[in-house]
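Marked as domain 'CobQ/CobB/MinD/ParA nucleotide binding' by TrEMBL: 42-259. Per TrEMBL, the feature ATP binding site maps to K48, G49, G50, V51, G52, K53, T54, T55.
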Amino acid sequence: MASAPPRLPPLPGSRCTAVSARAVNHGGRTAPELSGPTPRVVVVTSGKGGVGKTTTTANLAASLARLSFPTVAVDADAGLRNLDLLLGLENRVHLTAADVLAGDCRLDQALVRHRALHDLHLLCLSKPRSKLPLAFGSKTLTWVADALRRTPNPPAFILIDCPAGVDAGFVTAIAPAEEAVLVTTPDITALRDADRVAGLLECDGIKDIKIIVNRVRPDLVKGEDMMSALDVQEMLGLPLLGVVPEDAEVIRSTNRGVPLVLNDPPTPAGLALEQATWRLVERDAMTAVMVEEQERPKKKGGLFSFFSR
């Protein structure tokens, strides 16, 4: 049986971000309007690995911090964490949530603040290639989220990067979440896993689920060689948070440890992730689709038949 959560010290006070948000056309507004009480706990999940879930988490977190929303990004993968690499913080993570819960350090000591984005902190669940002690149980991140809520300066967002799969790590990651961002690519294997994960999230009481369709190639969509974002949305029956095009700059950004949304000039994928962040903040969803999607005739068989069976 899991023991009672330890008493955790306050989160360090938030400071204004040192990186100003890039001007994006949103009806003349320079910042989105935050919807709902804070902190908002959002799990970013996918089911299938390799669809860009951790990249999406890193860029959503960085974009939120650019907009001056204090954000704690949590890498919930107990053995194969990567979020620290994508944020360029791999050499600064010495303590983890497991150390906090074991009483070996304070919460503020385990939080790693981004040097350029002062409103962004990273918290890793455990050290690489290590397992979370069974005594912590599935409520590990629930305790951490509750501790962050109780601080004098709680974050506006807690983003949880969920491990791939639907095993114990998945259960631990979604436990404290009230919202979910489901990342998928427009291929049938990723969609089958995304559909399964959506059902599990709903069974766990998470009703606010939105999808990000990643690595979309408009040329293939137009030639009917790839499903469109509209196809994906209709198959999963969930609101669309964003559509991210295939972009070679994603690999360069990952290897540099710099989130794509910090690129100047912006790239197509970076702009798409910025726009998805605005919708996340305002609890909005996409209503527009690409012209080629509107004009493209719907298929009655093939990929569509998988979900109609």
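Glycine too: its Cβ is placed from the backbone N, Cα and C atoms.
Excluding the listed site residues K48, G49, G50, V51, G52, K53, T54, T55, the same chain places S46, T56, A164, V183, N214 with Cβ atoms within 8 Å of the centre of the ATP site Cβ atoms.
Remark: of the binding-site residues K48, K53, the most isolated position is K48 (fewest other Cβ atoms within 10 Å of its Cβ). Using a 10 Å radius centred on the Cβ of T54 (ATP binding site) and all shown protein chains, the other Cβ atoms total 27. Taking each of the binding-site residues G49, G50 in turn and counting other Cβ atoms within 10 Å of its Cβ gives the largest count for G49. Least crowded of the binding-site residues (G52, T55), judged by neighbouring Cβ atoms within 10 Å of its own Cβ: G52. Neighbour list (V51 (ATP binding site), Cβ cut-off 8 Å, at least 6 residues apart, same chain): V183, T184, T185, A190, N214, R215.
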